[in-house]
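The annotation active site is assigned in Swiss-Prot to Asn341, His372 on the grounds of similarity to another entry. What Swiss-Prot records for 497-519 is region 'Disordered'. Marked as transmembrane segment by Swiss-Prot on the basis of sequence analysis: 22-42, 61-81, 88-108, 184-204, 236-256, 263-283, 365-385, 415-435, 443-463.
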Amino acid sequence: MATTSTTGSTLLQPLSNAVQLPIDQVNFVVCQLFALLAAVWFRTYLHSSKTSSFIRHVVATLLGLYLAFFCFGWYALHFLVQSGISYCIMIIAGVESMQQCCFVFALGYLSVCQITRVYIFDYGQYSADFSGPMMIITQKITSLAYEIHDGMFRKDEELTPSQRGLAVRRMPSLLEYVSYTCNFMGILAGPLCSYKDYIAFIEGRASHVAQPSENGKDEQHGKADPSPNAAVTEKLLVCGLSLLFHLTISNMLPVEYNIDEHFQATASWPTKATYLYVSLLAARPKYYFAWTLADAINNAAGFGFRGYDKNGVARWDLISNLRIQQIEMSTSFKMFLDNWNIQTALWLKRVCYERATFSPTIQTFFLSAIWHGVYPGYYLTFLTGVLMTLAARAVRNNFRHYFLEPPQLKLFYDLITWVATQITISYTVVPFVLLSIKPSFTFYSSWYYCLHVCSILVLLLLPVKKSQRRTSTQENVHLSQAKKFDERDNPLGQNSFSTMNNVCNQNRDTGSRHSSLTQ
């Protein structure tokens, strides 16, 4: 019998009983499918060429709030409270310090909600809790605060290229702000997007992106808006396959079996390593489903266009949250993290890593743990992740250049690093799935903390080279587009100082994880 536990509507309880899935998960999927249809309608009948930005903002906001109340009931008021108070802080605190005040309040409010949900209501229950959307709203609030701070307080020469490209030069109106944080396309599962990208989409400027010509220069083509139909269809196919895999295979390979006493006592090391990998592999399709569906919804509305490739084919991956092929074929810890929950990784980079004055890696992992929630397993995963990241970086910097030639040696190196990466990632994230301290330590004990020990030895024995903070190619493409939009809004390229002083950095989210599809 499917559970009837939900804070939202029980209208779909008969469907929940029929498919034997919890009502909160049914509500989430049905609302996302409704959002998909609404997105098609929004792009067709409320296109920026047919209606004003005001109407598009209002409709996107009202639909988003309706979906939120349907899924979460009165708990959805937290979305408005958190967003509303943060907006007031932006106005009152001023552009000099608003980013710090908004960061502390938004993250603190999220943490309080997570603590009450976990330790007062349903510890260990992966329901479609209201803190999931709040995680995305928190990303948007803090991103916008830093972006306004960068655009209205700091001098251009003080900004990095990424910060300069995403800087917001004027204070958003209340409607623009609420539309950005609570629109129907991203209210339930994200992903995070930058404020400038969202406003460009609403105002109809996002599709006017220059296409690279044969001589390498950008040319503005006078073609109609690119159609997202092919991209949406492809992503819906991925959603269907991911959901099918999750409903059929995932339950046959539970992560908890890694700490089964009989399995630990009888399984050989190759068997343990193999099952560890396949059980964590089977745990990923639920994320593939949720994030890819969220991406498809945004694309169906016309949001997510990132220009054309060299063949003139439209790309709809501006706010994509993952790259499945790169994840499954990752040959380094960094490669895996760069392609998993992409928008959240960008948020962490922009609000923490690039701004940290010391130990940026440690601070970033700590912020990630706080943002994800209060389960002890999260912190154990991210503490382990810091160790694994530093060790993997040291190994790569010291040895990779020896294996680049000939191609056969490079292939051998890639195979070995693929195996090492997949086992290390699986080993690291087991506590994230198990949640609690005791089962997590039971797992690590059964492995004799071997990867922890190896990582410590690597850091002690190998010289550690400091890595430079770089901007990715995708980010550079996005920033060049953002710069064009910014110049269009502010032709003189000057910082405008408003009486509503505020501050904001750059952030593109990511989505974040949606609890309804987490074990």
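Counting begins at 1 with the first residue displayed.
Even glycines carry a Cβ here, placed using N, Cα and C.
Spacing of His372 (active site) relative to Asn341 (active site) is 12 Å (Cα to Cα, whole number). If you look at the transmembrane segment (443-463), the same-chain residues 6 or more away from its ends with a CB under 8 A from one of its CBs are 258-259, 264, 272, 384, 387-388, 390-391, 394-395, 398, 423-424, 427-428, 430-431, 434. Proximity of the transmembrane segment (61-81) to the transmembrane segment (365-385) is not established, fewer than 3 Cβ-Cβ distances being under 8 Å for residue pairs spaced 6 or more apart.
Between the transmembrane segment (236-256) and the stretches 22-42, 88-108, 184-204, 365-385, 415-435, the greatest number of Cβ pairs separated by less than 8 Å involves 415-435. Below 8 A, the CB atoms of the transmembrane segment (184-204) and the transmembrane segment (365-385) form no more than two pairs separated by six or more positions in the chain, fewer than 3 in all.
His372 (active site) falls within a helix when secondary structure is assigned with DSSP.
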